[in-house]
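**Q** Dropping a structure here in structure tokens format, bear with me for questions.
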Amino acid sequence: MEYKVKDISLASRGRQLIYWAERNMPVLMRIRERFERERPLAGITIAASLHVTKETAVLVRTLARGGARVALVPSNPLSTQDEVAAALAEEGVAVYAWRGMNEREYYNAIGFALSFSPDITMDDGADLTASVHKLAYGASDDTVQHIRETAGSIDLAKLASRIRGGTEETTTGVIRLKALHREGKLLYPIIAVNESYTKYLFDNRYGTGQSTWDGILRATNMLVAGKVVVVAGYGWVGRGIATRARGLGARRVIVTEVNPVRALEAVFDGFEVMPISRAAEIGDVFITATGDVRVISLDHILRMKDGAILANAGHFNVEIDVEGLERVARSKRTIRPYLEEYELPNGKRVYLIGEGRLVNLVAAEGHPSEVMDMSFANQALAAEYLVKNKLGVGVYKLPDELDVEVAKLKLSSMGIEIDELTEEQRRYITSWELGT
Ligand code: NAD
Ligand code: SAH
């Protein structure tokens, strides 16, 4: 089996990391046991573009035990855990991943995944799915050229027509794919895993809430107590980060928003809300979590205090204007792993973590296994659902029964029991006749 990883001799360390993840992913392990018996993915090839982490390895092993052949490539150039990539390669998974890819290598990886002529695409951020569509529509930009370099003899223009369906892990990926569908250009059905309750309410909120701080602390070893923290965006990710900032003792937690309802929620949750132009002058630590572009602009950065720390937890590296910062900085140097110091033209210094890419996956290990347990249970069930059901082109949520099943399994793995409706209660809350 072919693979390209940083160092295959890291495999035994990778196996230990995966073992630790498996211990903490009981729902996915339950699904794996069933997949081993039922083999629902027999004969199916899956091209997966996901962060190559120990948790993703547990998903990949589960899909493989269900009968699938999996080609795994990264969904971010800086998030691969090289030990994990080596362990998977050694056990026969087609992996093309290492930490620190340049843009060409990143799209070469996508070409490698597509060379397996997948039945299903599994994506995080929609780079893989968007590439399949670009190829179908005959685009010829640099990314397409890089894909062709590794795709072998596959007819890339025809790939989309043989793909049964795809899955998408994250908010921004779902937004991109819905936009594609709105333009009438989506070519196969997508299951928006991010829209399962057992995904976004937990992964985006509690997962990112904790792992973002894990990344910031590993990169800086700073004390949060006493600091002024600014969180841009009060979606599921932003509220997780803001809540954990408070728990770590931040002196003030300021939220910036563009959506009036969400801004109001932040106020009623007890956070200060103000425009970023004002917050820029006050904050010690800035964290973006919007999925938007240039939320912290160069102008904002130039107003910041000397020593301000900048990190991004939203998609891609465009939420903070890193390009602008690079352009005007008098000098730049690495202070610690994933911590860059920029000297600004006004003499102040600011510190950027992980090149402005996802701080939790670049400077730490991403979400803890316990939370990825539910996200990836949804991914495994989505793959099975695509095989068992013929869907028309569209962006779908997984059926509620499956979502609820994941919640039940998680509760049961934690030894937590809940009540059941009595027949009388069921009737009462579903009828219109019964009142005062
Ligand atoms: P969401 O849509 O629930 O929230 C985004 C919020 O940002 C919205 O409330 C929106 O009004 C706000 N916003 C948009 N532009 C803004 C601006 N210029 N200034 C201030 N606020 C602005 O999305 P979410 O689920 O919270 O996800 C946010 C981002 O994080 C997405 O890009 C998603 O893909 C990514 N994500 C990252 C991780 C991770 O592991 N780091 C995990 C899950 C999601
Ligand atoms: N490709 C984009 C997408 C954002 S990634 C980018 O790199 O910028 C955000 C997603 O990462 C989340 O939806 C979450 O499910 C996933 N993630 C977080 N921790 C993870 C982990 N430990 N292993 C695999 N995926 C993880």
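A Cβ is built for glycine as well, from the same backbone N, Cα and C atoms used for every other residue.
All annotation found in TrEMBL is predicted automatically rather than curated by experts.
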**Q** Please pick, from Glu103, Glu149, Glu169, the residue that TrEMBL records in the substrate site together with Thr53, Asp124, Lys199, Asp203.
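**A** Among the candidates, TrEMBL records only Glu169 at this substrate site.
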**Q** Report the same-chain neighbours of Gly235 (NAD(+) binding site): residues 6+ apart in sequence with Cβ closer than 8 Å to its Cβ, ordered by sequence.
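**A** When sequence neighbours closer than 6 are ignored, Gly235 (NAD(+) binding site) has Thr171, Asn204, Arg262, Ala289, Thr290, Gly291 within Cβ distance under 8 Å.
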**Q** Which binding-site residues among Asp124, Lys199, Asn204, Glu257 have CB under 6 Å of ligand 1?
**A** Asn204, Glu257
**Q** Work out how many Å separate Asp124 (substrate binding site) and Thr170 (NAD(+) binding site) at their Cα atoms, rounded off.
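**A** Rounded to a whole number, the Cα-Cα distance is 6 Å.
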**Q** Quick one: of the binding-site residues Thr53, Glu169, Asp203, which has its CA closest to the CA of His315 (NAD(+) binding site)?
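**A** That would be Glu169, nearest by Cα distance.
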